[in-house]
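Undergrad: Okay, here's the structure, questions in a sec.
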Amino acid sequence: MRRQSRIVASLLVLACASSGAFAHRKFNVHDDLLAYPQFRIKFPDGFILESQARAFLEQAPYSSPDLNDISEQTPLKDESEESIRDGSSGEKAKFSYEELSLEGQRYLCQIPVVEDGDSNRTKVEVNEEEERKELARATDRGLELLREMEGKCLYYISGWWSYSFCYMNQIKQFHALPSGGGVPNYPPMEDHTTHSFILGRFPQEEGQDEGKGAKSGKSSTELAELQTKGGSRYLVQRLESGDQCDLTGKNRKIEVQFHCNPQSTDRIAWIKELYTCSYLMLIYTPRLCNDVAFLPPQQEEVHTIECREILTPEEVTGWQAMHEYQLSQQLVESAEAPKHQVIGGIEVGAQRLVGTEGKRIEKGRVASIGEEKVDVVAKRVNGEVQLLSAEELKKFDLDEAKIEELRKKLEEWAKGKDWTLEIVTGNGAYLRGVVDTDEDEEDGYENEEGETDKREQRENTQETTGQPGQPGHQEETESGQAGHPMDDRSEDGEDPDVDGSEEIFKDEL
């Protein structure tokens, strides 16, 4: 090869330097001067023989060669012609060719030549006059489209101030009444107890009613102006004759910009005070989108640089075999794709976790408020202690060692009285211990003094066992039950299910 290999960046720099396409674009301060024209590099499946690549590299730059003129035959002639030829109807595009070396492999890159903007200055000068006529036509058409807004008002609320825009009438700044009490939320209603200001009025003929608005005798270019910014065009109307400004002594004025927005209804986007008593309002409207002159700029054309592998005749067989292998691997991978959608690492609908025999989801039970299920875990009746077996405890997911520890604690607190250890399930599950009271104590509870004694006993029990959600269960921590909230029963200290018994603690699981 006679030309030195270049990297991808060199191709892009060369393509940009050889093109004057940016000259067609109007200047915008937000544009990237090095971003136009735009290129992308593509590596299609295919190759070109070394002898044929040499012929492209040795020819004159910026030419449009025909592969049929090359006498040497290649095995994949159709593929090469499809890549090198331009896809346009009957016309051959101009290309330059460069050799690229990437990861030890040589490529022949075809760079499209973008037409230079300075090649036909006469045509550009002629188009300037046509452009002026087009701008005048677009201005007239824009005013015609906006005329549909006559008799309608738009509103905009910004903090204390609200604004009304009534086309062909005026723009007003006022304070709105708070909504409620018969005052609608929209449109905002003016509070006549505060000052309001007219920011600008549309020009009207003499003697015409100000509230109805009318067309002025001025030309369309005096009423409106078509401006271009960033490739998009919008209509501008400058309104004067507003209320007098206290600071400057001049009348207020406002500039209104109408922008095409096909996804929006007529609305005020924002309004700001550029300087004292001079304002700028931007309005989005789909009406202007009916004229192509106001449509948003289209996406810039991206030119494709195609790079194909350069092979010797001896390397063609190996390349074809590798290409066929890659195609077969793609077919295998597509066949192995999961039939069900995978979300969060779980194949939805595969029934790997539930849905088959032995993997059923237990139906939930809707428990109403106050509905509880009580099962006896252990109890002491007439001095005899009865406990559930280890297998039965496992059904309730209870630890045998913990139950034994709670049993000893109940024995200590009961002081020889009968007691019951229950597991209560409902909206959650917890253990509850109940100590039976003596008959004499039951009789004592009926009088006033007994109520006082029982209340004191209940308070002492709370100090010992603690309340739910409160830290510091000293006895509970010593017995290995730290972290399980404790509380008392109802205020009278009686269990509705067990007559003559007193609840000692409640241990949530």
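Placement of Cβ uses the backbone N, Cα and C atoms for every residue, glycine included.
Reproduced below are the annotations present in Swiss-Prot:
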type     : residues                                               : note
COMPBIAS : 64-74                                                  : compositional bias 'Polar residues'
COMPBIAS : 75-91                                                  : compositional bias 'Basic and acidic residues'
DISULFID : CYS153-CYS166                                          : disulfide bond
BINDING  : TRP160, TRP161, GLN173, ASP246, ARG252, GLU273, TYR279 : mannooligosaccharide derivative binding site
DISULFID : CYS245-CYS277                                          : disulfide bond
DISULFID : CYS260-CYS289                                          : disulfide bond
COMPBIAS : 436-451                                                : compositional bias 'Acidic residues'
COMPBIAS : 452-461                                                : compositional bias 'Basic and acidic residues'
COMPBIAS : 489-502                                                : compositional bias 'Acidic residues'
MOTIF    : 506-509                                                : motif 'Prevents secretion from ER'
Undergrad: List the Cα distance (Å, whole number) between GLU273 (mannooligosaccharide derivative binding site) and CYS245 (disulfide bond).
TA: 13
Undergrad: So if I measure Cβ to Cβ from TRP160 (mannooligosaccharide derivative binding site) and keep only same-chain residues at least 6 apart in sequence, which ones fall under 8 Å?
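TA: The list for TRP160 (mannooligosaccharide derivative binding site) reads HIS175, given in order along the sequence.
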Undergrad: Let me know the DSSP-derived helix, strand or coil state of CYS289 (disulfide bond), please.
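TA: The three-state answer is helix.
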Undergrad: Given the disulfide-bonded residues CYS153, CYS166, CYS245, CYS277, CYS289, and counting only Cβ atoms in the protein chains shown, which has the most within 10 Å of its Cβ?
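TA: Answer returned by the neighbour count: CYS277.
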Undergrad: In which DSSP state, out of helix, strand and coil, do we find GLN173 (mannooligosaccharide derivative binding site)?
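TA: Its secondary structure by DSSP: strand.
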Undergrad: Express the distance between the Cα positions of GLN173 (mannooligosaccharide derivative binding site) and CYS277 (disulfide bond) as a whole number of Å.
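TA: Cα-Cα, rounded: 12 Å.
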Undergrad: Would you list, in sequence order, the disulfide-bonded residues among CYS153, CYS166, CYS260, CYS277, CYS289 whose CA lies within 10 Å of the CA of ASP246 (mannooligosaccharide derivative binding site)?
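TA: Within 10 Å of ASP246 (mannooligosaccharide derivative binding site): CYS277.
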Undergrad: Are there any residues in the same chain, six or more apart in sequence, whose C-beta is under 8 angstroms from the C-beta of TYR279 (mannooligosaccharide derivative binding site), and if so which?
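TA: The list for TYR279 (mannooligosaccharide derivative binding site) reads LEU199, GLY200, ARG252, LYS253, ILE254, GLU255, ILE271, LYS272, GLU273, given in order along the sequence.
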Undergrad: Suppose you look only at the motif 'Prevents secretion from ER' (506-509); what would the mean pLDDT be?
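TA: Reported value for the motif 'Prevents secretion from ER' (506-509) is a mean pLDDT of 60.
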Undergrad: Which of the listed binding-site residues (ASP246, GLU273) has the least company, meaning the fewest other Cβ atoms within 10 Å of its Cβ?
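TA: Each of the binding-site residues ASP246, GLU273 was scored; lowest Cβ tally within 10 Å is ASP246.
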Undergrad: For CYS260 (disulfide bond), write down the residues of its own chain that are at least 6 apart in sequence and whose Cβ falls under 8 Å from its Cβ; none is a fine answer.
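TA: Spatial neighbours, sequence-distant, of CYS260 (disulfide bond): SER232, TYR234, TYR284, THR285, PRO286, LEU288, CYS289, PHE294, LEU295, PRO296.
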Undergrad: List only the single closest residue to CYS277 (disulfide bond), chosen from the recorded positions CYS153, TRP161, CYS166 by CA-CA distance.
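TA: Among CYS153, TRP161, CYS166, TRP161.
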Undergrad: Rounded to the nearest Å, what's the C-alpha distance separating TRP161 (mannooligosaccharide derivative binding site) and CYS153 (disulfide bond)? Just drop the number here, would you?
TA: 16
Undergrad: Which of the listed binding-site residues (TRP161, GLN173, ARG252) has the least company, meaning the fewest other Cβ atoms within 10 Å of its Cβ?
TA: TRP161
